[in-house]
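Student: As annotated in Swiss-Prot:
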BINDING   Asp1623, Asn1625, Gln1626, Cys1628, Asp1631  Ca(2+) binding site
COMPBIAS  315-329  compositional bias 'Polar residues'
COMPBIAS  581-590  compositional bias 'Gly residues'
COMPBIAS  715-726  compositional bias 'Low complexity'
COMPBIAS  873-901  compositional bias 'Low complexity'
COMPBIAS  969-979  compositional bias 'Low complexity'
COMPBIAS  1160-1169  compositional bias 'Gly residues'
COMPBIAS  1240-1249  compositional bias 'Low complexity'
COMPBIAS  1282-1296  compositional bias 'Low complexity'
COMPBIAS  1383-1392  compositional bias 'Low complexity'
COMPBIAS  1428-1437  compositional bias 'Pro residues'
COMPBIAS  1453-1462  compositional bias 'Low complexity'
COMPBIAS  1481-1490  compositional bias 'Gly residues'
DOMAIN    70-242  domain 'Laminin G-like'
DOMAIN    440-488  domain 'Collagen-like 1'
DOMAIN    527-584  domain 'Collagen-like 2'
DOMAIN    1481-1539  domain 'Collagen-like 6'
REGION    229-417  region 'Nonhelical region'
REGION    315-334  region 'Disordered'
REGION    433-506  region 'Disordered'
REGION    526-1567  region 'Disordered'
Amino acid sequence: MEPWSRWKTKRWIWDLTISTLALTFLFQAREVRGAAPVDILKALDFHNSPVGISKTTGFCTNRKNSKDPDVAYRVTEEAQISAPTKQLFPGGIFPQDFSILFTIKPKKGTQAFLLSLYNEHGIQQLGVEVGRSPVFLFEDHTGKPTPENYPLFSTVNIADGKWHRVAISVEKKTVTMIVDCKKKITKPLDRSERSIVDTNGIMVFGTRILETDVFQGDIQQFLITGDPKAAYDYCDHYSPDCDLTSKAAQAQEPHIDEYAPEDIIEYDYEYGETDYKEAESVTEMPTFTEETVAQTEANIVDDFQDYNYGTMEPYQTETPRRVSGSNEPNPVEEGFTEEYLTGEDYDVQRNTSEDILYGNKGVDGRDSDLLVDGDLGEYDFYEYKEYEERTTTSPNEEFGPGVPAETDFTETSINGHGAYGEKGQKGEPAVVEPGMLVEGPPGPAGPAGLMGPPGLQGPSGLPGDPGDRGPPGRPGLPGADGLPGPPGTMLMLPFRYGGDGSKGPTISAQEAQAQAILQQARIALRGPPGPMGLTGRPGPVGGPGSAGAKGESGDPGPQGPRGVQGPPGPTGKPGKRGRPGADGGRGMPGESGSKGDRGFDGLPGLPGDKGHRGERGPQGPPGLPGDDGMRGEDGEIGPRGLPGEAGPRGLLGPRGTPGPPGQPGIGGIDGPQGPKGNMGPQGEPGPPGQQGNPGPQGLPGPQGPIGPPGEKGPQGKPGLAGLPGADGPPGHPGKEGQSGEKGALGPPGPQGPIGYPGPRGVKGADGVRGLKGSKGEKGEDGFPGFKGDMGLKGDRGEVGQVGPRGEDGPEGPKGRAGPTGDPGPSGQAGEKGKLGVPGLPGYPGRQGPKGSTGFPGFPGANGEKGARGIAGKPGPRGQRGPTGPRGSRGARGPTGKPGPKGTSGGDGPPGPPGERGPQGPQGPVGFPGPKGPPGPAGKDGLPGHPGQRGETGFQGKTGPPGPGGVVGPQGPTGETGPIGERGHPGPPGPPGEQGLPGAAGKEGAKGDPGPQGISGKDGPAGIRGFPGERGLPGAQGAPGLKGGEGPQGPQGPVGSPGERGSAGTAGPIGLPGRPGPQGPPGPAGEKGAPGEKGPQGPAGRDGVQGPVGLPGPAGPAGSPGEDGDKGEIGEPGQKGSKGDKGENGPPGPPGLQGPVGAPGIAGGDGEPGPRGQQGMFGQKGDEGARGFPGLPGPIGLQGLPGPPGEKGENGDVGPMGPPGPPGPRGPQGPNGADGPQGPPGSIGSVGVVGDKGEPGEAGNPGPPGEAGSGGLKGERGEKGEAGPPGAAGPAGIKGPPGDDGPKGNPGPVGFPGDPGPPGEPGPAGQDGVGGDKGEDGDPGQPGPPGPSGEAGPPGPPGKRGPPGASGSEGRQGEKGAKGEAGAEGPPGKTGPVGPQGPSGKPGPEGLRGIPGPVGEQGLPGAAGQDGPPGPLGPPGLPGLKGDPGSKGEKGHPGLIGLIGPPGEQGEKGDRGLPGTQGSPGAKGDGGIPGPAGPIGPPGPPGLPGPAGPKGNKGSSGPTGQKGDSGMPGPPGPPGPPGEVIQPLPILSPKKTRRHTESIQGDAGDNILDYSDGMEEIFGSLNSLKQDIEHMKFPMGTQTNPARTCKDLQLSHPDFPDGEYWIDPNQGCSGDSFKVYCNFTAGGETCIYPDKKSEGVRISSWPKEKPGSWYSEFKRGKLLSYLDVEGNSINMVQMTFLKLLTASARQNFTYNCHQSAAWYDVLSGSYDKALRFLGSNDEEMSYENNPHIKALYDGCASRKGYEKTVIEINTPKIDQVPIIDVMINDFGDQNQKFGFEVGPACFLG
């Protein structure tokens, strides 16, 4: 059983779809009461002690200002009390948010409903169940919340035999229960937004209808108030604490969870432990120690004169005020009377009514109905509709004790019951003909029907045992007025029958109860039974029921007969011509364009005033890890390091003598991961594992193979009618079937939509002449026909009426051009032009400050080797040096003795997963594991392969006609079909529409007369034939006398067809009949024998194309086509605007169509809709009376081009039109001839600072670097093959200096090495033991060079040595040949700006510049000579509006016009972003050299020129002075060959096995130490590379800021939203500032208002005037903005940020109380809308700025507390951020406002 099944079974037997509570009381302050509370006990007359109610002592035995204890009422199970809901709520409105307040002491351990509220259909809408687990029952009209979601307060037990004050607050979607002013529990209430509780029903106290559990206990107070906050003040204002000075009142602490869960289950709740998991927000409310109530001397109001409230002092009313402490007296609410306070005794003079004693004589269980006197006055009885869902009952739910009716009514008992009416006869079965069974859609729910007649009385059951005497019943509802009869009309309303009597066998309790409530049998009272009264008036139509669950598809019903075609409606009057609408508001801005190329940098603005320092912003999210910092300075020498790692293996020593056997060693460290072993044998299947967690949802599997065709499924129900499918491809022609038997005539199909006119068919063969048709109805006038052949001149006819206005003719040929118009007025000044071309280079600036230290230069040439220095003192022990490279493998040592067996080592760490092994053999089947939990629903798989074609299904039932489809385009002309056999003549159709007139045929030759036939009897009128063509004019008949109009005779019977008569003489021309619509196709007739060929008939005229026939019945469904190929991926759609937040969940199925509502009031004029498609021509209406001349109609749409008219005569020359609008800009004309040389221009102004350019090409070689420090003198040796790094040997003794070798060739530039400056040299590590040879590793990174080794034996002659030291200067050599170009050097540093060079030659003609800004309007020029006469101008502007003409007749609808001519040129758009840089144009031809310009100012010094050629040898100079001692002499002769040196890392080839082997024996290679200089160089290069990387892709840090958040997003798309540093002007990063980057919104850069500008609290602002700016308020100021760090933003940076921005937005939230912010509903205008001041001092409002929108406008209604959120989203960047706001709607007594300013966000 579901945990909520109690609600399903214990709800009423009707399907309870509960209406919801509606009427909102918004933001009511605690002190402000809503409507007066409803006192339930007073309304139910408790003070008169009805049956089952008695007075008792209440909650307090002692109360201040009262001698007597509180009065309460004891309720026993005999009490049966109810009342109409309207009696409690006379206004008929139940509040949407409310409080239910009661002070009760239920009987211990009970659980029953204290209150049940039903609507007029008997559906329970509201209920409060109290006891061991209180429940709040509420269901709205949509069935929400569902029974399983009813709020259950399972942790509270108020049925513990003690008094409790309980308050329930229902506000919006929560319900809060406060017990004894301390325990507060809030639960969700999932109801609708607008819910209404029906007050037309009944309220039952203490139980539910048909429920056996009754509330038993004491109740002192029971209130319902429309203020949801009243529940929180219950103990203050409604039920104050007792007087604690005397004996304390009963304990009222509720028992919490004092019963076991089993108790609940026994009580039939069956709430599982996990059913209510929502967190209950339990709040302990403060306990007030003492509360006093102020006194008053006011007299008790007259309403309560029938009873007083004890002798306590009347209460004094005070103005409410806030209670600031628990000891202050709590005020009584204003206007709050004693009526709602507790503690008073109702001392009432009871109007005692007749007590009716119920005896047991002659009263059985069926006859003990309580009868209510019908003379109680008019009162509507609200019918409870019967539902038949309840099938089982428990004995407890049967009839209990008898019920009294409402108070004061006289009651009696009688043994009478009304007779039941007889059952009607069974209706005739429906006749459903084949083809008529068409399923219609379900109709809307009909209104409630009238009450049926009473049914027959069933046979009496066995009498039950007499029950105990029941108490007097409660008063029933007043009955409706019946027609007056001799006895009074009675209303039977039983509630329970005799007490414990057993049930009679006749009818069930539910049936009897429902009969008693619904039948309203009228039984005579007093005296013998009188005649049955007349049936009462039918009750009012019930409100629409809530939508039921969707039923199953019904069987298709029969198709109804086709209705008669209604007459055409009268032509409506033409509507008045509407006033021209006001100009529409400015359109919304278009979508942001794609980001343009960066514009030229503007001039830097003046520095702004320093802003206030902002307060510290909120803690930002943790930043990204920063970049590695710069290397710090060397620290002090550290303490002695730990022993270093073992050094490389030493040389092999002599073999030692074996030592004594050692102790067993300690277990060794785990060895390295061994190689993967071979595949082991197949293991035994393991035991079944534990249930695993459900795995994550797998990816969709691959496409499975096509499955076999499944078995044929069972016959399904006919489905709903599908929408018309798309036209399938034409099927293959089938075999010709046998001629079937003639079927029965089917019903006419529904009218199909009128199709497009088909193409003209091929002329058919002559048909057999049809029977003469009866005279058709008079047809309507046809359209004007084409011009026929000249007929015989007729008699002069009477003057006809003026014909309707013809259709507009085709547009005539264009007239000749008119004369040139007068010059137009001068136009307005144009908008600001685009950005100009960059200016000339500026003058050189002042000398800048000294630059930072540059990167170290390249090392100079090797210096001469210095003399050997004195050995230094041993330095302190350095830090441990880096591990040297691995030594080469030493020779294999002798095999040692096997050591003792070590202890077993510990388990090694888990090795890395091995490579996938080969597929093992198939293992045995394992044990089945336990069933896993169901996995999540898989995603939709890929579409499967098309399955095999299934068998042809059964012929489905004919579906209902689908909705009319859209008229398709005209299909291609089909092939001419064979001439069909003639069908049976159809019945006469209704008169058809007037056809188009056919062309007049030429007169044919007269045919031969046929043979004379025998005159037959006059046959009946034949079936009407198709309308004949217009006959030839008949001979003039003799005029007859005018006869009187005779009555219409009855239609005669149909006679048998007569024989064919002879051809008569031609009759007069008949009026053309209206062609009837095409009838349904008749059944195929049997093929007749071919007749004799008749004589050649006259050539008929071309027939008029008939109207399109009705569509035939749908053919059988074709077999489904093969799946088509997948279409190509469509073009991506335009980017949509940001959508609103979607609602949860997919949309539900469409509900049933509701009943038609009452017609609404006429709506306002809507905006003109888009032009619809051309409709079909409707049927022509009857000729109406001629109307008055109308106003001229609006200009019709341009028609389709008609056939070309005959050429008209030349018209008169028209007057000259006014000048036309300027035409669109023409195409670029050809370049004109070169103009004369212009005068020299003035010196241009200083140009704006240009963009930082892309890195330039490599510059010229820089100046030579400073001489490097002297290098070590190199050994001269032959260059050996490059070997791998050798093992580091012990430091050798330094060899003797080698001779200098000749200068070597320059080497190539090396690759960058590892970054980082070299560390301090560490001390030599201790030699370690060599390891075993490992497998060849991958080539490692180039290591640093090893230390110098000892000198080896002399090698073979070396190759050319490295460069030697510089020798002394030799004699001047001869000029050498030009060397080959060296390798391109690295880019040098930027040199200083040289002096300005001489003017260069004129360069080639540059690209066409960007148009300059529009200049100011010049003075008018001198008048030119008269030009030649211009061509005829375009048509002039329209003239003034003429006087209204007379109203023309309604014209025919025009055809769809051609596309109109292009409109006038629109206003010039806003300035676009700079376009992308065009590709460079081809070099232009050289221009004519201009005249020499004025001598310009001296230019800046030029760059140093390239070195000149070496000069010739100069003449001998004078003998100089003796020089200083010279440099070392030239190199000596070659020395002995040197050792092979370790190649530098940048030059070493890849290691190969051969190289390794070739140097294995060279243990002591001497490696030159080049590492220091190289690492520094490569470190610098690497840091340069990183700097460039950071320039290209900034990180958004303080030292590496981005330009805007958009740039940062483009550089790092994966960065999260957060705070980053930006530097819009891209200068020094010292003025960067921190902003919030909203990457989610596309890379917005956001700044925030300072603390004082963030907003103001809501207040009434009594000293301020509406319509003033906030900065003019006493507490106001201009709004200012800060960065995220709280610092003011540099004005220049702000300007640059705006330059880089395409649009900006900012939100402004206005908090209000009865104050409008934007739209004012009361006035229906925006007169009181806020106004904003932009940062460009521009005022923005609703009237002048279309970029301001209200995202949410809650203040428009000016009710209660609300807010309005306004968004300014503008492309005019200077308007944002706003700096001031004007408030216009405040100053009244209840009006308040406050606001919050949001961040300003800029999007680049």
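Keep in mind that glycine also has a Cβ here, set from the backbone N, Cα and C atoms.
Surface or core, plus neighbours and distances: that's what I need for these features.
Tutor: Taken residue by residue with DSSP, Asn1625 (Ca(2+) binding site) is part of neither helix nor strand, so it is coil.
Taking the domain 'Laminin G-like' (70-242) as a whole, pLDDT averages 91 in the prediction.
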Student: So how many other Cβ atoms are close to Cys1628 (Ca(2+) binding site), meaning within 10 Å of its Cβ?
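Tutor: Here the count is 8.
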Student: Taking the centroid of the Cβ atoms of Asp1623, Asn1625, Gln1626, Cys1628, Asp1631 (Ca(2+) site), which other same-chain residues have Cβ within 8 Å of it?
Tutor: Pro1601, Pro1624, Gly1627, Ser1629, Gly1630, Ser1632, Gln1693
Student: Counting all other Cβ atoms within 10 Å across every protein chain shown, which of the binding-site residues Asn1625, Gln1626 scores highest?
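Tutor: Result of the Cβ crowding comparison: Asn1625.
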Student: Give the residue from the binding-site residues Asp1623, Asp1631 that has the most other Cβ atoms within 10 Å of its Cβ, counting over every protein chain displayed.
Tutor: Asp1623
